[in-house]
Amino acid sequence: MSYLIKNGFILTSTGEKVQQDIRVEGEVIQAIGHLEREDGEEVIDAKGLFVSPGLIDLHVHLREPGGEKKETIETGSKAAARGGYTTIAAMPNTRPVPDTKEQMEWLMNRIEETSSVRVLPYASITTRQIGEEMTDFAALKEAGAFAFTDDGVGIQTAGMMYEAMKKAASLDQAIVAHCEDNSLIYGGCVHEGEFSKANGLNGIPSICESVHIARDVLLAEAANCHYHVCHISTKESVRVVRDAKKAGIRVTAEVSPHHLLLCDADIPGLDTNYKMNPPLRGKEDREALIEGLLDGTIDFIATDHAPHTEEEKNETMQRAPFGIVGLETAFPLLYTRFVKTGEWTLKELVDYMTIKPAEAFSLPYGKLEKGQIADITLIDLNKEMAIDKKSFLSKGQNTPFDKLTVSGWPVMTLASGKVVYEEGRLVK
């Protein structure tokens, strides 16, 4: 199929808005400029729309296999398409875990059969993610593993992490870490701060995360491994990563939209839709995360999309599972909060959600250039609408942002040159 995307505006390398047309043939961008329709082309009128590279989210929980009541590869990828994402990376905390070549091959086939967008599957670092025995990295890489992580739990022993890093480095693969020292969790369900004290809840201290990162960056230096920090959340963690980068250690980090937008003082009552891991931290932590993103300490934004059933989230704050959904709301939330207010440029936000994650993991995506894969998202920056969790394509409706009015909604998504979402409907 050939498309000519007409009359939209793109961003130059300096952030200037310019009107350009884009010709897509098959999976590839063939031309960008002032173009006329050719025979057989379908014209997409993008007048008044921002034409962005397809968004990239390298931290998503699709729950399949084993958690299909919460989400599936099909429903999660539909949610991604609606949110403007063309590439997502699926975490391995499923049942069974993708810890063998056979399980990874099954997962790759399932992705091919049911996904609307590109899904990059993580493999687990340890068998069943219990931290005792390392998986066969080489076999998993051959079967399609994108990188290695035990996300959802931290690798508790330095020896296991060091061996994993050495093996990953030998295969030119990344170790992606959920940073949490179990001995410092203390049964917590929210951040250790004023909110936890006021509500009589066990709190998770900031040191639980930062001490793990401090250990791991030194191991990564010794192993010469690409080490990536998931969902960084504390000011101390930002300081550790900043110092590690200054020392030349190959470390990258991501931050989730909710940690940029909220702190624990924003939690209304005991609403479990504000419960995630890591938890919403203090105001100073949120400010440090924003500063770290802007100065390059933190590399990109990832949603940590974590769907749960309504029944699960109706439990108490102590008992309800951690996690919120984010694929369908991330761009408009961040655009409204940071770009419309003038704190960030549009280019900064788009880079954090496209080229920056691609560069961090050497992926050939995230650019609008001739010859590139045609991953393209059309966004109506002026479209203002209230978030409605009942309209989500994800099975999960666990969001703290329901009914919030925001601007900057994706209206069409092309993945590898195919229209996979058009406002109001999924295209398969």
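Even glycines carry a Cβ here, placed using N, Cα and C.
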Listed in Swiss-Prot for the substrate site shared with HIS61, LEU62, ARG63, ASN277, HIS308, PHE322, GLY323, one of ASN93, ASN314: ASN93
Which of ASP285, ASP295, ASP299, ASP304 belongs with HIS59, HIS61, ASP151 in the Zn(2+) 1 site listed by Swiss-Prot: ASP304
Whole-number Å value for how far ASP304 (active site) lies from HIS231 (Zn(2+) 2 binding site) (Cα to Cα): 7
From binding-site residues HIS308, PHE322, GLY323, the one whose Cα lies nearest HIS59 (Zn(2+) 1 binding site): GLY323
Rounded to the nearest Å - Cα separation of HIS178 (Zn(2+) 2 binding site) and ARG63 (substrate binding site): 17
Packing count at ASP151 (Zn(2+) 1 binding site) (other Cβ atoms within 10 Å of its Cβ): 21
